[in-house]
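Engineer: Please find one structure pasted underneath; my questions will follow.
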Amino acid sequence: MAREKFERNKPHVNIGTIGHVDHGKTTLTAAITNVLAKKGQAEKQDYADIDGAPEERERGITINTAHVEYETDTRHYAHVDCPGHADYVKNMITGAAQMDGAILVCAATDGPMAQTKEHILLAKQVGVPALVVALNKCDMVDDEEIIELVEMEVRELLDSYDFPGDDIPVVQVSGLKALEGEAEWEAKIEELMAAVDEAIPEPEREVDKPFLMAVEDVFSITGRGTVATGRIERGKVKVGEEIEIVGIKDARKTTVTGVEMFRKLLEEGMAGDNCGLLLRGIQKEDIERGMVLVKPGSITPHTKFEGEVYVLKKEEGGRHTPFFAGYRPQFYIRTTDVTGQITAFTADDGSAVEMVMPGDRIKMTGELICPVAMENGMRFAIREGGRTIGAGVVSKIIE
């Protein structure tokens, strides 16, 4: 049977459900697909379909994630839901599931709990731009005042992590009752999705961002010059444009004199393309793997940064023993390993710790031996002798 063509007539947005264990994230996800399926905008999925998500590997880390897709009247959504708390931490830090926004699920019966806080903090640190709150299990709370108190508590919590607590929509839902087909609760799911359509901004497309390509390989072509190959991460580049080479050595500018893909010459390369760029006046030894080609001035090289890191457990192929401040691993950034040092660290909530155990999540300060093009939200892996022992995301650039 011929595959259906993916219709790109609606803007695409990536979202996910986050929140404390057993507050009903997966049930709510199932309810969304069931309610939208009645309008022909989704395929119905039940709790078991979503809960039995297969394992995936991202940067050498095993993560369980369920992916569902659905549409509203105005948008196409890809929605991720994770069964376990550890899966969320790994997912958000590795960027396996980049979220343009998230539905924070909080049970009205419990109010905000430990992981509610942790997921809000994680969302802030890894740069999830917008949230919508689903107060779930509202069918189980008879007293409207209790629901209002929980709502106030959630809003204050969001404020304390620098989300606009007063402005974020909070919708009272019951995932279970909506799944069971009760009309008033189905209407609440529609209200929730209308809030998501409204409050989660449409992401800027990769192709509209400033050009960036990480260099994977370099060739010199006799009589023509030097070609750098790689995958264009974002933006686009045209023949004749000036670009900058950033990282490892001093930054320098050059002009793109050719764009080549599958041995064909192109006028321009775009985000997602694997291509070669012919660079004017550049020698093969001027450029190496680990550098990036960028729109001039759009990104700068740095050596010192703070990051959020998940350290792999022994069972995940990580270290068997703890490490201490002063530990010197390799940081795998885009296409290359750069040696660096973890000069300091704390537990993820900022409390002091003496050492880092496999399976921990930490905030760390790192210092690289040579500058690398870096920006907030950039992902990296921490490696030791070629095997991944941790995954991280840059939360703040120091110098």
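Residue numbers in this text run from 1 along the chain shown.
From the backbone N, Cα and C atoms, a Cβ is placed for every residue, glycine too.
Bear in mind that the values here come from a model prediction, so they are computed numbers and not experimental data.
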Engineer: Given 136-139, 208-211, 284-287, 312-315, which one carries Swiss-Prot's region 'G4' label?
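Structural biologist: That would be 136-139, per the region 'G4' entry in Swiss-Prot.
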Engineer: Which one of these stretches, 19-26, 51-58, shows up in Swiss-Prot as region 'G1'?
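Structural biologist: In Swiss-Prot, the region 'G1' feature sits at 19-26.
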Engineer: State the residue range annotated as region 'G3' by Swiss-Prot; the candidates are 81-84, 249-252, 297-300, 333-336.
Structural biologist: 81-84
Engineer: Please identify the range among 60-64, 140-144, 265-269, 340-344 that Swiss-Prot labels region 'G2'.
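Structural biologist: Checking Swiss-Prot against the ranges 60-64, 140-144, 265-269, 340-344, the region 'G2' one is 60-64.
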Engineer: Please give the average pLDDT for the region 'G1' (19-26) in this predicted model.
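Structural biologist: Taking every residue of the region 'G1' (19-26) together, the mean pLDDT is 95.
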Engineer: Cα-Cα, whole number of Å: Gly19 (GTP binding site) versus Thr26 (Mg(2+) binding site)?
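Structural biologist: Answer for this pair: 10 Å between alpha carbons.
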Engineer: Just give the helix, strand and coil counts over the region 'G2' (60-64), going by DSSP.
Structural biologist: 0 helix, 4 strand, 1 coil
Engineer: Go through the binding-site residues Cys82, His85, Cys138 and tell me which ones have a CA within 10 A of the CA of Thr26 (Mg(2+) binding site).
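Structural biologist: Cys82, listed in sequence order.
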Engineer: Can you tell me how many other Cβ atoms are located within 10 Å of the Cβ belonging to Thr26 (Mg(2+) binding site)?
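Structural biologist: Other Cβ atoms found within 10 Å: 24.
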Engineer: These are the binding-site residues: Lys25, His85. Which one scores highest on other Cβ atoms within 10 Å?
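Structural biologist: Of the binding-site residues Lys25, His85, the most buried by Cβ count within 10 Å is Lys25.
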Engineer: For Gly19 (GTP binding site), just give me the three-state DSSP call.
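Structural biologist: The three-state answer is strand.
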